[in-house]
Amino acid sequence: MAEEAKSKGNAAFSSGDYATAITHFTEAINLSPTNHILYSNRSASYASLHRYEEALSDAKKTIELKPDWSKGYSRLGAAFIGLSKFDEAVDSYKKGLEIDPSNEMLKSGLADASRSRVSSKSNPFVDAFQGKEMWEKLTADPGTRVYLEQDDFVKTMKEIQRNPNNLNLYMKDKRVMKALGVLLNVKFGGSSGEDTEMKEADERKEPEPEMEPMELTEEERQKKERKEKALKEKGEGNVAYKKKDFGRAVEHYTKAMELDDEDISYLTNRAAVYLEMGKYEECIEDCDKAVERGRELRSDFKMIARALTRKGSALVKMARCSKDFEPAIETFQKALTEHRNPDTLKKLNDAEKVKKELEQQEYFDPTIAEEEREKGNGFFKEQKYPEAVKHYSEAIKRNPNDVRAYSNRAACYTKLGALPEGLKDAEKCIELDPSFTKGYSRKGAIQFFMKEYDKAMETYQEGLKHDPKNQEFLDGVRRCVEQINKASRGDLTPEELKERQAKAMQDPEVQNILSDPVMRQVLVDFQENPKAAQEHMKNPMVMNKIQKLVSAGIVQVR
């Protein structure tokens, strides 16, 4: 149950529904309160909703449950950064690195927290972006509340909150300036009186360019312009990709990368183009670069997972020739550790399935299978049943379509008392070849040993349809009838009757019959109302169910 709730939480988180994710993770925690991963996942969900206090609490609980798990300190550091407690964030990342010194995510987090700590001491606006108060103020103000529904605005404010010096890059964004005014409790621009006095002059003059409230350095201005040009190139690349003009798409994505190397989506997009073009080596190279650069930039886990998934897809394409799916499987598994995406999980399952099928094809050898089966027969005759099972199992691996190997192994399991395993092999015989009579005799014998006499009789009767004169089947039916009649006549000892009834009550069919209100009334009528019982006996469905209860020892005929 906890695992199911966790899976639902992961799916909701993947779709961006963080509130629902929190609900599911909370349900999972209630079912499994000592699972540190659940607290870690809920911490990430709280952080995504800017609820950093709750994120911090869950991060601390994660570490309490699993103090040697480095990811817990990554969650703790992220929560402290969200609360603008940069000293504590630095300490958290350092503690995580003591456990896992090579963890790139912790290294990036430490560098980020250290930069933010330095900038927070020199930036006059840093107090405006402190912790959850920033999001509460923006939510409370009607003018900025609508902006929080815009993903690019939320992303921008997160960047500024992480490093207040980034404010200079977004001074032309009216939404950012509006938000800054709300946070500082001031209004940027002239008063309404000044606006009225200047109205006439404004109507006569050409509108002047909007002045930047704060001057950008030349380097910052150039960086912003490059980012804008890069996004434009990306947009044109997307258009070309949709038109399947892959050559032009590659050109645009390459230009975008040259203009801005801090956005790995240009690399993953170009990798997607290479994948479509069949240039798998180039695709893999771009994906590797995206992962490496993404870790340096501390990019979103989803972006890194996307790059790994794309690499895995390229490796699958290549494996169709090389027949080596292991690299693709490993890559998909890495992607899932970054971000559990249903599409990636499906790709992993498909790759594992194909790998297994290939292994079975390569291992298939009827000649060796027959040799192994004969070896098993030799050990069976010597009553060395465990050794016989070993050789029959190898024969099945070499040729999974040979019913004789399953039949022989079923006989071994029966001798060893492993009746459920023997029953499974006998049913496999019938599945592979319904006309293979030995499968019915094996299955019927095992069911008889399990004291499931009604089921054994059905199996023998099914076998008689394929071989009406088979003496083994006829004898099997006779033995089953004798056992069933013993129960119906009351010839069983109290212990035998109790055992048979207890076994019958485990049968879902018997449970359904006894829980059916109509059948319960029928049983009462058979005891108390002979006239009604006579009417019931005319109904074939009712009598079949009565016979089932008689066979199971639940009902006795006096």
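Using N, Cα and C of the backbone, Cβ positions are placed for all residues, glycine too.
Among the residue ranges 227-244, 371-388, 479-496, the one that Swiss-Prot annotates as motif 'Bipartite nuclear localization signal' is 227-244. Same-chain residues lying 6 or more positions outside the motif 'Bipartite nuclear localization signal' (227-244) and placing a CB less than 8 Å from one of its CB atoms are 250-253, 255-257, 259-260, 263, 265-266, 269-270, 272-273, 276. Residues 10-11, 14, 264, 267-268, 271-272, 274-275, 278, 280, 283-284, 287-288, 290-291, 294, 348, 350-352, 354-355, 358 of the same chain sit 6 or more residues outside the repeat 'TPR 7' (305-342) yet have a Cβ under 8 Å from a Cβ within it.
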